[in-house]
Amino acid sequence: MSDNSKTRVVVGMSGGVDSSVTALLLKEQGYDVIGIFMKNWDDTDENGVCTATEDYKDVVAVADQIGIPYYSVNFEKEYWDRVFEYFLAEYRAGRTPNPDVMCNKEIKFKAFLDYAMTLGADYVATGHYARVARDEDGTVHMLRGVDNGKDQTYFLSQLSQEQLQKTMFPLGHLEKPEVRRLAEEAGLATAKKKDSTGICFIGEKNFKNLLSNYLPAQPGRMMTVDGRDMGEHAGLMYYTIGQRGGLGIGGQHGGDNAPWFVVGKDLSKNILYVGQGFYHDSLMSTSLEASQVHFTREMPEEFTLECTAKFRYRQPDSKVTVHVKGDKAEVIFAEPQRAITPGQAVVFYDGEECLGGGLIDNAYRDGQVCQYI
């Protein structure tokens with residue numbers, strides 16, 4: 001058996017069950033483990049509880065239980081500059097950002113990784129559901145987690161080969177119920193703690209309130225694509241393409257009771273377009289343009305790829321043809337896709353391997369740009 005005691009792994013511990021079990025498994029495998037709690041947002045939750053304080057208490061309890069040293073590090077400035085400012089800028093531009101993708105790229109696998117290296121880390125580890133496979137030549141491939149419902153490679157798609165070289169994902173071969181069971185068997189303080197949801201590090205805040213604290217809302221007209229006025233919208237930033245709820249209109253407008261959906265935006269005129277039917281024509285597209293396209297291992301500057309893609313988290317893969325040129329790509333769908341949303345990530349897969357991805361700039365319907373921003 002290999003001696004892991006000389007290999008130092010610094011674990012990002014959030015106070016949740018996944019990162020707790022990550023630290024436990026590495027400790028049991030004999031690694032030299034250090035736990036790090038990242039404080040990236042200074043705030044309280046909707047009930048006035050400072051969630052960071054509560055989470056840190058859980059990290060301390062778990063670290064003490066499994067017998068590892070732990071530290072707290074403050075990345076509030078880095079988070080604000082590299083993630084939250086981007087988040088706000090995207091909403092200002094009428095897009096729907098994915099802060100978790102940027103948070104992984106810039107905080108968990110950049111600021112945190114850099115800090116871990118100052119502690120003499122050989123690797124960092126997190127509680128993400130993903131796997132890494134290493135070739136004989138040292139190339140690292142990122143693979144989906146075996147728990148299909150929990151696989152998080154979509155959010156890790158912007159990681160570089162250099163970041164992956166230094167990363168371990170101990171939960172990648174486990175399913176969530178097994179992780180809970182391991183936590184309970186070890187008597188970990190976080191064994192029964194519910195999973196966190198919401199925006200990366202900010203948590204379960206009222207989203208509308210959070211946005212309105214930083215961006216002034218600009219109410220405007222809500223219209224059908226053929227020009228019927230449907231009332232007022234609260235501000236384009238509060239709506240995403242394909243959204244059903246929160247429109248304040250029912251089937252009473254028009255002859256049928258089919259539900260209404262957001263089918264487009266016009267930022268320049270501050271108009272929100274709505275239409276009836278889940279598969280409304282305006283929601284369907286045949287291709288997209290992406291920028292900030294990045295691959296997890298070395299690829300040519302210009303090439304064409306036949307693969308599958310996801311356009312949102314937990315969506316089944318769809319067959320696509322990808323024409324890559326530098327950090328931009330045209331992605332052509334084998335079948336029309338619904339509600340392709342500017343600002344979201346498009347992520348490419350070859351079987352089990354996550355190849356990388358980019359950020360969606362525009363969707364197209366038979367060569368015509370869809371009015372989504």
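Each Cβ is built from the backbone N, Cα and C atoms, and glycine gets one as well.
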_Gly12, Met13, Ser14, Gly15, Gly16, Val17, Asp18, Ser19, Gly127 bind ATP per Swiss-Prot; candidate in Met38, Met102, Met168 listed for that same site_ = Met38
*Cys200 has a disulfide partner in Swiss-Prot; which of Cys103, Cys307 is it?*
Cys103
*Among all the protein chains here, how many other CB atoms are within 10 A of the CB of Asp18 (ATP binding site)?*
25
*Within 10 Å of the Cβ of Ser14 (ATP binding site), how many other Cβ atoms are there?*
23
*asked:* Going by DSSP, is Met38 (ATP binding site) sitting in a helix, a strand, or coil?
replied: strand
_recorded positions compared (Met38, Cys103, Cys200) - the one with the fewest other Cβ atoms within 10 Å_ = Cys200
*Taking Gly12, Met13, Ser14, Gly15, Gly16, Val17, Asp18, Ser19, Met38, Gly127 as the record's ATP-binding set, what's the max Cα pairwise distance in Å, rounded to a whole number?*
16
*Please report how many Å separate the Cα atom of Gly16 (ATP binding site) from that of Gln344 (site 'Interaction with tRNA'), as a whole number.*
26
